[in-house]
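Here's the structure we're looking at; comments come further down.
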Amino acid sequence: MAEEYELNEIDDTLHGSVGSRLSLFARELKSRRSSSWHGGTALRLPKDLYESLVIHPNGRWYRIWANMMFLWSIYSTFFTPFEFSFFRGLPDQLLDLECVQLVFLADVAVHFFLAYRDPHTYRMVHDKRHIALRYIKGSFALDVLGCFPWDAIYKVTGRVEAVRWLVWVRLYRGRKVMAFFKRVEKDIRVSYLLTRIVKLITVELYCTHTAACGFYYLATTLPPAREGGTWIGSLSLGDARYINFREVDLLTRYVTSLYLAIVTMATVGYGDIHAVNTREMAFTVVYISFSIVLSAYLIGNMTALIVKGSRTERFRDRMTDLIRYMNRNRLGSAIRSQVKDHLMLQYESSYTRDRVIVDDIPVAVRSKMSQTLYLDMVSRVGLFRGCSDDFLSQIVLKLHEEFFLPGEVILEQGTVVDQIYIVAHGCLEEVANGEDGSEEIISELRPYGIVGDVAVICNIPQPYTVRVCELCSLLRIDKQSLTSILQIYFKDNSQILSNLLKGKETESKRKQLESDITYLLAKQESELVLGVNNAAYHGDIFRLKSLISAGADPSKSDYDGRTALHIAALRGYENIVRFLIQRGANVNSIDRFGNSPLLQAVKSGHDRITSLLVEHGAILNLEDAGGYLCRVVRGGRIDLLKKLLRFGISPNCRNYDQRTPLHIAAAEGLHLVASTLIESGADIQAKDRWGNTPLDEGRRCSSKPLVRILEQARTVATN
């Protein structure tokens, strides 16, 4: 595609002399003898096309032919108005010039075999039927009409004036001249300033040349008796008079007409040559009006050359810098070709410039634009199916559109990937590369497909190489942007992991991903629980609400079995406890240490939270009530003991030695604790594994008040 401006090697002195530029052209011509048909990119044609007679547009011989046709197009474009105005039928000595039309007829035949690049897919089309249909629907009719011998037809039809006008169809060949200048403007080997100046001079000369022919045509189409009333018939310059101007030599007549056209375009005043009759005046009015527009065009282009602000010049500067960089680092031809093709695609599509413009728009407005452009497409991507609208809105805001040419590799197998691509237009293919260098096409990706998702989400190397089949428009989102969004929308994170597993049709793919996704789900769940518990620990109810609204489960426990309700009850945050209960948190969950939320509230002395939990069905739920109550008694925590007894713990529960809390209180001499236990119904006659009663323990302790309390309790129990 970009062979016109590509160089295999280029000196850094690009702004040198004309001689150095010619030497560059010579070296380039030699280096292209065998580079047109071979190569692995999708922009090149198969090697067997010689047999099918399809011509490559970048082939050496066709380029020579195209340059030759460019020269003949210049001749035809300039000679056509000259022939129309100065000859009413070509004289015999110029009839041989009509043979040139055979060259253009041959060019018509060549176009039936000339491969072309599809503007939508960027693939080279080499099917002769498609080539012929495209050419017939395009410029075929005008090209063929231009090849007709209109001079001979004019003479055969009795010199009908309308037939002469048909010769103007040959001006359609001027498109070859415009295409040449457009191509040279992008050729970094040629001075951009010189190219633009030559182009502008050519435009100016052609306009004045055509106007000169028009002025002369107006004079020759009047009857001979009225030719004295024309601009040239009435002309008198010094001793020369043009009364019989047809007898004046051809060169003098043309130069005189050209002088009139240039003076009129320059609008230097009403000179010695001027319009005489009404037709000439009307033509002059139209011509001067056109010259004003042309002058503005010329001045505008010269101004753009001075300020160096044109898009083409920026492209040339960037291409020059890239080629210097690639030459300095001796990059391979495949990489060079891919870089140049991609830069050319950017230039033709101008999408990078548009993206810069969008970046300057406020985020709120850009968000609405992104939703309008991409939301429908993203919602139809399998990976994001079932995700919330808020999540999708954040995704589309981070998307960037990129274009890729056929043959380009988007992702390589085994590499670390940090972006995900959504196919907006075009076609990709996933290819598995074997150890022996073989390739196996795994799948073909069309619009709404996605690549890089497995590698990015599962944090694994890219499993397959992803290659462009036809010109693609891809929507890219960076891994960092996606990760930051997923950290906020936890529920959508789980949905994406589920979609990722469902989206892999084959059993082998599913088995490969199951372990990774299971690990990610467990990791995500543990991180989410830690986030919820951390918010509960610090009393941050707003953060807690956002986490639960995003999909966090308030009943999930951390590595110690603690839930957010455990922590809130321990820390005394009544508003958080109330919120968690409203969100369905389990009020009777037990951590690995045997603590329930109610027990945590009781131990911490948060009476209001205790009442709130009991009101919603919470119980102490002690697995080893006897052992725990005995430890409370041994610690002398009488207030906690009273609360535990009030919430249903039996005073006669036993520890592993069958000792009751009253045994412990008697052994430790805690008469106040013993009184509390007796008042709560403790059995004074209970025996431990050694047959000892609380009274026996009290007597060994030698605490007279305690013994007296125990004996009174025994007497009461006996009676």
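All residue numbers here begin at 1 and follow the chain in the order shown.
Each residue, glycine too, has its Cβ placed from N, Cα and C.
Topologically, per Swiss-Prot, GLN93 is found on the same side of the membrane as THR284. Ranking the binding-site residues THR415, GLN495 by other CB atoms within 10 A of the CB puts THR415 at the bottom. For the binding-site residues listed here (PRO447, PRO463), the lowest count of other CB atoms within 10 A around the CB belongs to PRO447. Least packed by the Cβ count within 10 Å, out of the binding-site residues LEU383, LEU399, VAL431, is VAL431. Of the ranges 64-84, 94-114, 138-158, 200-220, 286-306, the one with the most Cβ pairs under 8 Å to the transmembrane segment (165-185) is 64-84.
Taken through DSSP, the repeat 'ANK 2' (560-589) splits into 17 helix, 0 strand, 13 coil. Note: LYS479 (nucleoside 3',5'-cyclic phosphate binding site) has non-local neighbours VAL417, ASP418, GLN419, ILE420, VAL456, i.e. same-chain residues 6+ apart with C-beta under 8 A of its own C-beta.
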